[in-house]
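*Asks:* One structure coming up, written as structure tokens, with questions to follow.
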Amino acid sequence: MTAITAPAALLEPARPSLVRLTAVELRKMIDTRSSRWLLIIISLVAVAMMPVVLFAVPKQDQTLLEFFTASQVGVSILLPILGILAVTTEWSQRTALTTFTLVPERPRILAAKLIAGSVLGALFACVGLAVALIARTVGELMGRSDGSWSLSPGRFGVTVLLAVVMLFMGIAFGTLFMNSPLAIVLFLVLPIVWSTLGGMISKLKGPAGWLDTNLTLTALTEPGITGEEWARAGTSLAVWMLLPLVIGTIRLIKREVK
Amino acid sequence: MISVENLTKRYREVTAVENVSFRCEPGTVTGFLGPNGAGKSTTMRMICGLTPPTTGTATVKGVPYRRISNPGRHVGVLLDAAAQHSGRTGRETLALTAQILGVDQKRVGQMLDRVGLSTKAAKRRVGGYSLGMRQRLGIAQALLGDPSVLILDEPANGLDPEGIHWMRSMLRDFADRGGTVLLSSHLLLEVEAVADRFVVIAGGRVAAQGAKDELLTQPTGVVVRALDGAALQSALAQAGLSARPDGQGAFVVDAPAEAVGRAAAATGTVLLELRQASGGGLEELFLSLINPSPADAPTVAAPAPQETLR
């Protein structure tokens, strides 16, 4: 039993480091049945996309990049959902009570979740690269693929960045709404509504080019990214990622944990 | 040590907790009693920094909870046993906590043993646990960081009689080794045997607090018995003292023993018995404090000022 000590001694033992918290949050993302299935499905989608490229894409377009981009389809759709759930299950399962009792500095938990999610995103990019390499080799052996083998580090980096950005958006939505169904539905529906409105109403076309993440982020997946494309992506992310994250963090700090 | 000073929590229209103050000293078990909705949980959440108080302060070991770097190593907290991820196993739940606290993973197994969760049970998902098993898991989680303070909200809920007995001896042992325990309950019976001090809360306010024997010996008037009951009654009436029969031939009088004795002497009534009325048991006191009815009001003296009991 710890001896009764002076107030200053309560700085000991030290608070858990961000690395430790990140390891814990990463573990929490993969230690439940639902999250494990989500991870398995993301991996399966990567594998399942390979035959699609092999049999549906013209021979000369079957580049390593093409395979790699296809492998990340599941990541871009499902990893943000994992991010949303990483935040919202704390409230639906009420584990927030334990989490924030053990770590009263709530933004540190959020930071740990963001980093843990980034690690997962990077991991999936590596898995995707491995799957793409195998698929491109198989295509070569079958005589179906004739595209380039080159995949620049910049391309790979942008892909990881996109995965991380989408995940951050998920975590931001989860933190803002703190409710799984609401966050997931809005996360999926809002961009569609935006794209539909942007397509229908001509006055919205201009702003949509700067605010619709569907448009701004897709531009980043194509070769040769211009400064303006970065600026458009940045602007849209400020609205859809940064703003919900900031408001969500304020909500998180102020919220009563029950 | 836990110190709560003038804690108040107001929601828009409701005041959940109003001006609550108490202290829990090392080596003691404090029973935090009150009916459901009295403000016990809100007070405990405020102590643990989960609910910001409207006014007032709470400290644990001399500092606000949120100023403790690694709180789980000083304070073991169980606020709601149901608040666990149903998809994680019991062991995994504790392993995560151990990792955050930075304690040896070996302690996970030790604590599971200590609370009586079998290896088999620990491998099962928490979703399949009974409330009693969840309480045991929650207590194991609270003990994981080897704390010197325990804050437990309704830990006996869902425990079987054997479990309640086990928890009592565990808490007694914890306090006897110098630990501080604050545990809440809406059932007096659950904590009466283990607590040395009580804080009774009703409607968000402290209704009474003090050591167990202090609360039990709250004077509730004197009991007086005479050879001739009718003569005594008229003697008391003459002296202007209100008396009511206790149903066993004696009278309960809300007056000092001296006044009653003088009233009897003045009329030459032979007394057989004149003594301080004993407290009607903690249960009666508890019920009268949390549920004051006009009929009960005169029989229970107002609790002594809190300052004197500290």
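Backbone N, Cα and C define each Cβ position, glycine as well.
In TrEMBL, annotation is done automatically, which means it is predicted and not curated.
The transmembrane segment annotation in TrEMBL covers A:37-57, A:69-89, A:110-135, A:155-177, A:182-201, A:230-253.
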*Asks:* Are there 3 or more C-beta pairs under 8 Å linking the transmembrane segment (A:155-177) with the transmembrane segment (A:69-89), counting only pairs at least 6 apart in sequence?
*Replies:* yes
*Asks:* Looking only at residues six or more beyond either end of the transmembrane segment (A:155-177), which have a C-beta under 8 A from one in the stretch?
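*Replies:* Residues 65, 68-69, 72, 75-76, 79-88, 110, 113-114, 117-118, 120-122, 124-125, 128-129, 183, 186-187, 213, 217, 220-221, 223, 225, 237, 240-242, 244-245, 247-249, 251-252.
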*Asks:* Within the same chain, where does the transmembrane segment (A:182-201) have neighbours whose Cβ lies under 8 angstroms from its own Cβ atoms, ignoring anything closer than 6 residues to its ends? I mean 6 or more beyond.
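*Replies:* Answer is 80-81, 84, 87-88, 169-170, 173-174, 176, 207-208, 211-215, 240.
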*Asks:* List, by number or range, the same-chain residues at least 6 past the transmembrane segment (A:110-135) whose CB is under 8 A from its CB atoms?
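*Replies:* Residues 18, 21-26, 29, 39, 42-43, 46-47, 50, 53-54, 64, 67-68, 70-72, 75, 79, 82-83, 86-87, 151, 156, 159-160, 163-164, 167-168, 170-171, 175, 249, 252.
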*Asks:* Near the transmembrane segment (A:230-253), which residues from the same chain, at least 6 beyond its ends, have a CB less than 8 A from one of its CBs?
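*Replies:* Residues 106-107, 110, 165, 168-169, 171-178, 191, 209-213, 215-217, 219-220 contact the transmembrane segment (A:230-253) from elsewhere in the chain.
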